[in-house]
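A.B. asks: Have a look at this one before I ask anything.
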Amino acid sequence: MSNFLPNELIKRLSEDEHFNQESFLETHESGEKVTSIRLNPLKKPREAYDELAAVPWCNDAYYLKERPIFTLDPLYHAGCYYVQEASSMFLGYILERIGLRDSAIRALDLCAAPGGKSTLLNSYLGEKSLLVSNEVIKSRAGILVDNVTRWGMHNVVVTNNDPSAFGRLPGYFDLMVVDAPCSGSGMFRKDPAAIDEWSLANVKLCSDRQKRILAESISALATGGYLVYSTCSYSREENEDIVDWIMEGNGFESVKIDFNSAWGIEETTSTSKGAFGYRFYPHKVKGEGFFVAVLRKTGEQGSFEMRRSKPEKSPVSKVVLEHWLDNIASIQHFLHGDNVHIFPAIYKDDLRLLQDMLYIRNAGTNIGKWLGKELIPSHDLAMSVHVKADLPGQEVSLATAQQYLRKENLDRSNFEVSSGWCLVQYSGVNLGWVKVLPNRINNYYPKESRIVHL
Ligand code: SAM
């Protein structure tokens, strides 16, 4: 079989006695595309997905028979699922194995855009945890905010910082996920254009950057906390060697993850420390190339005292909040300019701390604009899993839902609500707001999110 993949890469992979070069090349040549989605457990449309083949290592995750045009699916815009590469969903299984599912921890997703791992973390850790989702590139941080907002949970702070900023928070996080920027060989099947960009020099560059990212941020992990390190590269220099490098500083132990051998995942060990790593090859698993390792911080990590902050007075009354939100007892709110945000009450002091230390792009859910006496509901509120269930709503057809998402004019006769704010719903899930007037409908779908004609 001809080899159209970089020779140097194949040569190095062949040093592994388990590596089957022929099937690896065959899979890449086949051009087979695998599409998988992970459902949002807090948004349940009437559509059933459970007849599809499940991703074995992640809850609520399925392989699609073919790739649809997601842009035309209202449920995609409603945050009912996230389109995520299946191998990388192994993070869910890891969280389950290390006992962090539904826990009350502080978690950091350091290299988070566009948000695949963050939305997974958010669902697996649940609303008792605090998730800080960081992305260093400004434009990508915006996409991260959009995806996290669509997911609808209020316990996420999206930040836009260089990893070094997290050195200001020693011992603060119980979990750090570092899904590092890498040379990308694991994505060759999905994105053949990346093949020509691959070089050994770039692998070295990525490996140096991965070390810098970790060196500058790792003090933010508490003693006993977990580091999940991953890449979509096949190169040992970016994977096992990085794990060895972390362990050289002592203070870390490798965590072994047991799994069903029928899944086709390969367990590897690093050269000098014998630390465990997990490799995903597209000819062995139904997913793309991926590497992940789990480490636990055993060394003593200095920390700091959290300051208690006084509750701020707010002009927004309980009556107003109760009108728009369910279960407000565990929610605190604060004003940011004119905007009212909700956030878990138990993390009030944490938010103050994060504001002092980091550049925050979004904290919690912005539920709307405060006009002094009334709240103008935001699109983020429509996406929130906390929006009050019995607010006026109108179920619409697929065609009307797509019209709404294009921000087109809607036919007044499709709406039974007589007047006022109304949630447009498709398959029982909220898409956004309209304002119903006696003889017309005002479409409040955000202009910047609207579907442009395909
Ligand atoms: N975790 C994401 C997900 O699951 O959707 C994918 C993350 S992607 C593999 C790596 C991210 O690291 C990119 O968003 C990239 O912008 C960011 N990045 C690039 N250079 C970086 C740096 N020097 N420090 C930290 N992050 C960086």
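Glycine residues also receive a Cβ, built from the backbone N, Cα and C atoms like all the rest.
Got these off TrEMBL a minute ago, pasting:
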DOMAIN    13-298  domain 'SAM-dependent MTase RsmB/NOP-type'
BINDING   CYS111, ALA112, ALA113, PRO114, GLY115, GLY116, LYS117, GLU135, ASP162, ASP179  S-adenosyl-L-methionine binding site
ACT_SITE  CYS232  active site, nucleophile
A.B. asks: Identify, in sequence order, the residues in the chain of ASP162 (S-adenosyl-L-methionine binding site) that are 6 or more apart from it along the sequence and have a CB within less than 8 Å of its CB; answer 'none' if there are none.
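C.D. replies: Listed in sequence order: VAL136, GLU216.
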A.B. asks: Please give me the CB contact count at 10 A for GLY115 (S-adenosyl-L-methionine binding site), counting all chains in the structure.
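C.D. replies: Counting Cβ neighbours of GLY115 (S-adenosyl-L-methionine binding site) within 10 Å gives 27.
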A.B. asks: Which one, from the binding-site residues CYS111, ALA113, has the smallest tally of other C-beta atoms lying within 10 Å of its C-beta?
C.D. replies: CYS111
A.B. asks: May I ask which residues of the same chain, at least 6 positions away in sequence, place their Cβ under 8 angstroms from the Cβ of the residue listed as 'active site, nucleophile'?
C.D. replies: GLU85, SER88, CYS182, GLY184, SER185, GLY186, MET187, GLU288, GLY289, PHE290, PHE291
A.B. asks: Near LYS117 (S-adenosyl-L-methionine binding site), which residues of its own chain have a C-beta under 8 A away, given they sit six or more steps off in sequence?
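C.D. replies: Looking at Cβ-Cβ distances below 8 Å from LYS117 (S-adenosyl-L-methionine binding site), excluding near sequence neighbours, one finds SER88, LEU91, ASP109, VAL177, ASP179.
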